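Database features (TrEMBL):
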REPEAT    159-193  repeat 'PPR'
REPEAT    229-263  repeat 'PPR'
REPEAT    299-333  repeat 'PPR'
REPEAT    334-368  repeat 'PPR'
REPEAT    369-403  repeat 'PPR'
REPEAT    404-438  repeat 'PPR'
Amino acid sequence: MAVTGSPDWSLPSSTCFRKSRLITFIPASNLALLFSLPNLRSLHLNSSGCPSPILESSPTSLPEIDSDSNLQDFQLPSSSSVEDLNDFLCGLPQNPGREDLIYEYYVKAKETPGFRPEKSTLRHLIRVMEAYLKLGDSERIMELFNEIESRISDFTPFSTKIYGILCKSLAKSGRVFESLEFFRDMRKKGIVEDYTIYSALICTFASIQEVKLAEDLYNEAKTKKLLRDPATFQKLILMYIQQGSLEKALEIVEVMKDFKIGASDCIFCAIVNGYATRRGYNAAVNIYEKLIRDECEPGQVTYALAINAYCRVGLYSKAEDVFVEMEEKGFDKCVVAYSSLISMYGKTGRLKDAMRLLAKMKERGCQPNVWIYNILMEMHGKAKNLKQVEKLWKEMKRKKIAPDKVSYTSIINAYVKAAEFETCERYYREFRMNGGTIDKAIAGIMVGVFSKTSRVDELVKLLRDMNLEGIRLDERLYRSALNALMDAGLQVQAKWLQDHYAGKSGFV
């Protein structure tokens, strides 16, 4: 129903006024018009249950109001009753993006002497506060809270909700200590606590490593049986892991079982990773197996961590068993898990198994990353299978996977083992032209290459670059470089090498 200048509007009888609903589909651009109409107490739809007499006043010519109209240009009519204003506020459309408009109308209505929001109006304002919570607008939530704080005691069913929105908003916006003060004030007033407030406060304090406050609130909530949000447990576990209190993290998992809340994959992997980082991979394997016995359910990330841990401690068959279990549960596209197994096959000389796993990976639509290509090139390089090394390199380039320093080190080293030094130099030049910086591994390889091929100029340049970047030679490479310079009759360069490396490195 569009609002027009027609004289067919009707005013319902007083007996059915409270039962009828205000128009809720008036365009937002015309809402301000309702406050500008003199002699109009409330605008309603005709109802068969409520006969409506014709308005006695002459029809009002409605002005054109567009969406940019300023609300301040319109004033509430002095004849509007408090009852009408509450009904009007409840009838405002709650479309997303209209929160500011609804709030401004509330402020206008509040200026009317004797106006007091009823329960239905408070419900409406709470929904507006919830919308601001989603938008992250803590300032506007605080304004609304201050507007209705003095009336909260009369509406105890809404007190918890209103305080809850305020506390959560302040906590999420970095004002967690303010949030805690309001929470304490709420309890002093005897207002019932809600688990979502505890969750917001505990999560925020845990995130900023305020351990004592997080623990105190957690213990309170635990005593009151108000621990229902899995995020609360997760944040506490992450806090304890960062603190190095791994046993306390496990205690939280036990409490989760008491509250019948399952440990998520995020929690499971955080604990396993925490043990791996702080106590080593053997400890990580043990804690993984303990949590499995405690009926914790691993997800893709936890499976990948477990496979890596088993590979690191040499329990290769266990790693393969976990991988099979992972596949059976549908987690068959995890690059990290494939990488760990392929690396394990490389260490154990199982080249065929590595290539079979690569083929399976591709069949499943899981693209290998640069790490996997590096592992495979290193494996084939050790086996002097240069055709396969070159094939992998070209495949990587074709798929636009940029080779890194390890990639160049692997392929250069592969050609060194095959004594194809010119190809080594070609890849080294490409590496440097692409902005690659030398490290001890690649420098050591190229010192040997330039020494063996008597490329003295390149050797001297490399040695100077190494000196600038603070890279030291081991004794074997030092001897190789020194002999190459001496054989070429470059006494000055040989003396420079001795001065810069022999004394500092302890070589005689």
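Keep in mind that glycine also has a Cβ here, set from the backbone N, Cα and C atoms.
Keep in mind that what you see is a predicted model, and the values were worked out from it rather than measured.
Proximity of distant same-chain residues to the repeat 'PPR' (369-403), defined by a Cβ-Cβ separation under 8 Å and at least 6 residues beyond the stretch ends, is recorded for 335, 338-339, 342-343, 345-346, 351, 354-355, 358, 361, 410-411, 413-415, 417-418, 420. For the repeat 'PPR' (369-403), the DSSP-based tally of helix, strand and coil residues reads 26 helix, 0 strand, 9 coil. Long-range contacts of the repeat 'PPR' (404-438) within its own chain (CB-CB distance under 8 A, at least 6 residues past either end) are made by residues 370, 373-374, 377-378, 380-382, 384, 386, 389, 393, 396, 445-446, 448-449, 452-453, 455, 458, 462, 465-466, 469, 471. Secondary structure of the repeat 'PPR' (334-368) per DSSP (helix as H, G, I; strand as E, B; remaining residues coil): 26 helix, 0 strand, 9 coil. Per-class residue totals from DSSP over the repeat 'PPR' (229-263), listed helix then strand then coil: 27 helix, 0 strand, 8 coil.
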